[in-house]
Structure formats: C-alpha cells, structure tokens
Amino acid sequence: MNTFPLFFKLEDRKVLIVGGGDVALRKADLLSRAGACITVLAPSISHEIQALLSDSKHALIYENYNKTYMTDSRVIIAATDDETLNHQIHSDATALNIPVNVVDTPHLCDFIFPAIVDRNPIVIGISSNGKAPVLARLLRARLETLIPQGYGKLAKLAGEFRGDVKAKIPTLTGRRQFWEQVFEGKVSQLMFSGNENEAIAQLQADLDNTAANITAKNATDESTEAQNTMGEVYIVGAGPGDPELLTFKALRLMQQADIVYYDALVSPQVLDLCRRDADKVFVGKKRSNHAVAQLGINELLVNSAKEGRRVVRLKGGDPFIFGRGGEEIESLRSHNVPYQVVPGITAANAAASYAGIPLTHRDHSQSVRFVTGFLKAGAPNNNFKSFLNTDETVVFYMGLHSLPRLTQGLIDAGRSAKTPIAIVSNASMPNQQVLTGTLASIVELQAQHQLPTPALLIMGDVVSLHHDLAWYNNKKTSENDNNWLRGGTATTPKPNPNQQAHALSMIANLATEDGGLEQLVID
C-alpha cells in the first residue's frame, strides 16, 4: 500500500481550514462530526459554514491567510481555489511539521480524506490514494447497502459490557471467542431487528452462562478441562495463488483462525487474507532443507488444537492432491482432534484453465492423469510405459526440476518425441508464463527462457489448443513454428531466491518411497 490507514483522534483538537467556500464546507462537515475545534480562515465565509460552525468551540476569522494562525493546529486543510496560495500553505505547514491536506492535489497531501462508512463507533475508510476518488465513493455506496445501521449500536453495547467480559472471562482467546459468538448469534439479530432491550438481556445471559461454565470447568480434573478446551483444525486448500480463486468457506475459516501453519506455495496475497492478529507459522519444505518435518507439522497441529486454538493448515492447491492432507488428518484422528477439510482449486485445473489448455476434449483427450514429476536419484523409470496413451492428458506436478530425465524417459518408453507439452509457471498469477513445445524440444526451450518455479507440465494433444484458446496474460513474446512463450520473456522479473526455494518445498514430500511416480487417474 502507498499510504497507511490511520484513524486520527481530533476531538477538542484545533483544525485550521483555509478557505470559506463549498470545498471548505465539505471538509468542515466531516471534521465537526469527529469533534474537532475548527478554525476557518478566509476573507469571505459562506453562510452554510457559519451555520455549521455556530458553536463557540469553533472560530471564523475573516482575514487573508497568515501562517501565524497555524499555531497549535493538529492538521491543516488548504481549500482555496488559489493554486499559489495552496502551495504556500503546504510549504508553511511542512516547515512546522503539521500534517496538511491540499484539496484535490494529492502530491501536496500528507493525508487523504477517505470515503467514509459511518456506523459510529464502527468507521470504515476507503481510499484510492487520490487516484480514483469516484471509484472509492462507489465502493462506499456498495458497503452502505451491505452493512446494517445496527452495527453501530451493537458496537456501543459491546463497549458497555467490555469491562464485565474481561473480569469474568480471564483468557484473551476465551474473550475473543465469546465476542465472536455474540456478534454472529442471537444478540446481533435482536439488535438489528430493533429489539435493543432484549439484546442487552441476551448478552447478559450469555455472559453469565459463559462465566458459570468457566467456574464449573475449573472445578473438574485436568482431563475434563483438556476435553472442554479442545480446539479444531481446518485443512484448507489455498488454491493456485490468485486470492479470487479461494472458496468462501476457506476465506471464512482463515479469518477465524488463531494460528495459521502455511506452506511455501501459499501466495502472499492469500496469506494476507488471514486474520490479522493470527499467528502465522511457515512450515514449508524444500529439497534437503525442511523448515519443519512432516511429523513435526502433525505434532504442531495436534498441540495447537489441544490448547483450544482454531488452527488453519493452509496448503497451496488442494490438500488431497499431492498435499499430504490425508496424513495430517490421520494424525488428528488418532488424537481425537476435530477437523474439517476445505478443498481448493488444484494447480492442474488452474494452470490448464488460465493457459487455455482444456484437460479433456472430445476430439483430443478422454481422460486426465495427475502425476508427480519428481524422481529420486537413480530411480528406475518403470512407470513411463503407462503414459503411451495418446488420447489422455498427463499433468506432471513439480516436474520442472527433473524435466530432462522426465522427457527422455517418456521418449525412451515409446512416446513420440513430437508429443506436445507445455510448462505453466505461476499459474493464475499476474506473472504467469506458458511455454509450449514438444518432448524433444522443451528442455532446450526451458534452458533458453528459464521459466521459474512453481510450475507444472501438461502433456498431450490438448496442448495444441493453447495457440487459439489462450486468454489470460495473453502476450505472445516468442514464436518459432509450434513453440510459444506467452506472458513474459527471459527478462521477466523472477521471485526472490527465498521464494523460489520455498516453491520447491513440496517436492521432497511427493517422491514415493520406491522412487517411482505417484499418480492419480481421472477417467
């Protein structure tokens, strides 16, 4: 973000507005709602401003601008139609280290007035950083229709009970869970329907019941207490990287989490959607360097749940497609930890859709197979002969690292060297790249263009459709007969080395014990 959103306390603080017309009126109206003591400085001040600021706490000064009036001002607003004067006001305020806003001149603003949704004490500010104020206002209009007015009353009610809740519920986690139940339950519905007295009574009853349960729990033995405080684990598929491809359920659980254990293939954009104050722990793995071994991850999930925490295990793609989600829930079951599994869009689906390569097509492919492309050193390529079916699409996960061995093994097994194959890098992301060729040419093409990980391979006749069906980031940057590169060139900025290393985190996990190819066939 280019500007940081802050909420400024201006109650009983001096604010200087230079200008007395309609623009000054709009700013004065907003600032007066925040309780500011407003001084308007202008040789002529509109009747509307005079009426708005009739309270004695405000001051109207009918004079030309003079920087001496800046003294003790918390913020300054330049709202004149004189460009030279506005620059002077900005210069004087800057010299005095006072934040200044020159209306409709973003480069002279230390702060920006956002579009505001006011449900006092709940306030939402929306800003385009001065780039598109009309768009910000349109977003505000949408939010106004989505957020009931009752949220303000609900927040005030919570403020009145805050002290009692803190006294009766000793733990931070317990208080947060209590308030979430209040805001998502009967109390909020009563408030939104206008039954304020009933809402107050319901909140008091909920608090009394919770306090009684805490007292009863403290009187039991440790085993009962541990059972009562058991949390829950959510195994969540984060999808391929584009946050718009998350499911609603994934987003909801991510925003409820107390702690998030995430893999290397979870994009920063998706991770940012988790609850802000949740603990975020990286447990990704890369070849021969695991941040946390799988058994350690299993133990972390169990222990966090036993602490009463809501745990999100966030995995790139889908948890049950080469993601070890099954191993993790086996561990959870053995410890009687409740869990949920939220599917995600797996990389194969995203890469195919965003590259314009249908995985099945009546004229080209009647089935699709998902296979891990990583081979252990020296492992026999016994499975390659199973990939000779030309009316089948094969998707190799994590195949880029072993691309030369993979393509040569397929050719040696009898697959035509002219078989179309594509590399899709950073599928669904703005820096997505697609490189197409054949089994015979793709290794040399990859050496030339250096598409980065994370990437997967799609092999089969359907790859030939990419030429006509590509739609996303559809910039053709290289063409040589049937070889295509879309979405970038060799000079395209690559992720930083740490991120590239993290992208390999799943490779070691996906190699089978016998060194063969692990696979999933969908007919």
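Residue numbering: from 1, along the chain as shown.
Keep in mind that glycine also has a Cβ here, set from the backbone N, Cα and C atoms.
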_Identity of the S-adenosyl-L-methionine-site residue among P133, P148, P170, P240 (reference: G316, G317, D318, I321, T346, A347, M398, A427, source: Swiss-Prot)_ = P240
*For the S-adenosyl-L-methionine site as recorded (P240, G316, G317, D318, I321, T346, A347, M398, A427), determine the largest distance between any two Cα atoms, in Å, rounded to the nearest integer.*
16
_Reported mean pLDDT - the region 'Uroporphyrinogen-III C-methyltransferase' (231-523)_ = 82
*Work through the recorded positions one by one (D22, V23, P43, S44, S128) and name whichever has its CA nearest to the CA of P240 (S-adenosyl-L-methionine binding site).*
S128
_Using a 10 Å cut-off on CB atoms, tell me which of the recorded positions S44, S128 is the least crowded._
S44
*Nearest to S128 (phosphoserine) by Cα, among D22, S44, G317 (binding-site residues)?*
D22
